[in-house]
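Shown next, in structure tokens, is the structure this report addresses.
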Amino acid sequence: MSIEIAILFFIIIVVIVLFALEVFPVDKIAFFILAALLLTNIVSPEEAISGFSSPATITVLALMIIAIGLETNGVIDWLASGLKNLRFLPIFIMVPVFMFIAGSISAFINTTAVVIVFIKIITELSAKYDIPNSKLLLPISFAGIIGGSCTLMGTSTNLIVNAVAIDRGIERFGFFEFTWYGVIFLIITIVIVSALVKLLPKTKKTKITEDYNLDEYITKVIITKNSGVIGKSISETFLYDNDDIEVLRLKRNGIINDRPGKFTSLKENDQLLLRCNLENLIKLKDADGFTVIKDEDNRKLADPITDSEELEENVQVVEILMLPNSPLIGKSIKTVGWYDLHGAVPLAIRKRRNFRNPRRRIFNRGKDEIELRVGDRLLVEVSESALDELQKIENVTILQQHKNIEITTKTKKYLSLAILLVVIGLSAFSIFPILKSALIGCFLMIFTKCIDLGKIYSQVNWQIIFLLAGMIPLGVAMNNTGADQWISDQLLLLFENRTDTIVIGILFLVTMVLSGFISNNATAIIITPIAISIAASMQMDPKPFILSVLFASNFSFFTPVGYQTNTIIYGMGIYRFRHFFIIGGIVSLVLWVTASLLLSASL
């Protein structure tokens, strides 16, 4: 082993640890990779930035833009709209039907976008018709992941693997070249998950107070004449000193201050909206200089879905789910402002369960200092008039069905769908490569005004783009140093006198386990060159080896952190790690054996 290979392995190990512990955002880790490779002279400056112009990166970006156009114009909602008519089916039939539909749509549209639409529909069905969402959310996430593995454009991982293969002189994959494998895997997954659906938890209807571990009240008080707080700033009163009381809103002379600061002076007849526990509510009632609005107006935080109570006239409590690239990510209840929430008042954060990143757990102890991350839920109080504005926040979704904030014409909806079909047709019939087809689709989306540039800039998941741009040079570095060939040689010693099935099986298993803890895209970039080198050394067709990496990178079912859709539904607080480990583990084992047999048979 040369010094260059040893240095590269050290960088890769550090990167894997950073990914696994979520110490930094993935885009920051990507720039660390670029800097490390440049400082060690493993790649040239031109090679270091090659990821930004890589066909895989540009294709992923183009397909993201097309997916945004489809979502904006209601195509995904339209395709999934019939699901509400299935509410009368028994759950053992509803699960496979939902999975089949989710998997079919995900083969051609961004998996995360599809799963988010399904989350909205399932949440509404659960609220209105008492359908257990816990029996549906994990299955549709699994189906979406498998569905994305059915076509070349299904996931960014497929495109990356294809791009790496082309760079190594392998013939590019056709659009539907590996679809029949994906269909078999989808059918197997539907059968297994449907059979094991009883192992999923039963949803218990709880109030939001219980869901967020709150025992607090929202109350309105009026500062009366001769009150001792008149003329003082909030910081000079017990309202600031008491950690169990928070001033959410101040109303003075008909003007509302949605985020009063600690230096805000208090005046007679000011109306304050406070969050406090029962003990402090009683103290407020007994305090001189305050008039608490009559008891029936002081309502404990109610569940807007099951109870339909309002905290005050025309005001309700709703949950919003954090999606990738949300402007609220990284902010806390203390730092998120009126402008960020379009007038809504933040009440509480429900974190997705996270067994990683000890740094965040150690330093973010205060409940109001906890930073929002992808998959977290934020509880907000919002007036009905401001609800439409709240829904305009980019890359968040309200977990309650409301009227659409944007009226899209049928023309744009059908036009967007037609553009998608054009992209699929051009690539499927080998008229153009997927890159050229996707760029044509982007042009048509923008030229026909199915999507505007502002929405593109705000909704594209730039973290994925920068991750690809940073990880692709890592694959170049493996070729420059000969690390891929060195690993291949060591593995060949292990594979000596082994059957093709065992070789494919070991490669598949290693890839699948790694993708369960770090980004599936990162896994694909690291393992694909190794798979190609193994095939070359064994003088075999490289495509079955490449496909084993492609599928295994996507099949991270046994942890909730290997794939973005799993992370999002895990963050909703319904599932525990064991549900992914048991059900996802069984699915992974069966697919591992099946894929090993099918792929080795094609050699």
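Glycine is treated like the rest: Cβ placed from N, Cα and C.
No curator has checked TrEMBL annotations; they are predicted automatically.
Quick look at what TrEMBL annotates:
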type     : residues : note
TRANSMEM : 5-23     : transmembrane segment
TRANSMEM : 29-44    : transmembrane segment
TRANSMEM : 56-76    : transmembrane segment
TRANSMEM : 88-119   : transmembrane segment
TRANSMEM : 140-166  : transmembrane segment
TRANSMEM : 178-197  : transmembrane segment
DOMAIN   : 206-290  : domain 'RCK C-terminal'
DOMAIN   : 303-396  : domain 'RCK C-terminal'
TRANSMEM : 414-432  : transmembrane segment
TRANSMEM : 464-482  : transmembrane segment
TRANSMEM : 502-532  : transmembrane segment
TRANSMEM : 544-565  : transmembrane segment
TRANSMEM : 577-599  : transmembrane segment
Q | Interface check, the transmembrane segment (464-482) with the transmembrane segment (502-532), three or more C-beta pairs under 8 A | A | yes
Q: Report the listed stretch (140-166, 502-532, 544-565) having the maximum count of Cβ pairs within less than 8 Å of the transmembrane segment (56-76).
A: 140-166
Q) Where among 5-23, 88-119, 414-432 do we find the most Cβ pairs under 8 Å to the transmembrane segment (544-565)? A) 88-119
Q. What stretch, picked from 29-44, 414-432, 502-532, has the most CB pairs under 8 A with the transmembrane segment (88-119)?
A. 414-432
Q) Which sequence positions outside the transmembrane segment (502-532), separated from its termini by at least 6 residues, show Cβ-Cβ distances below 8 Å to it? A) 12, 15-16, 19-20, 26, 155-157, 160-161, 164-165, 168, 170, 464, 467-468, 471-472, 474-475, 478-479, 484, 487-488, 491, 494-495, 538, 542, 544-546, 548-556, 558-559, 561-563, 588, 592-593, 595-596, 599-600, 603
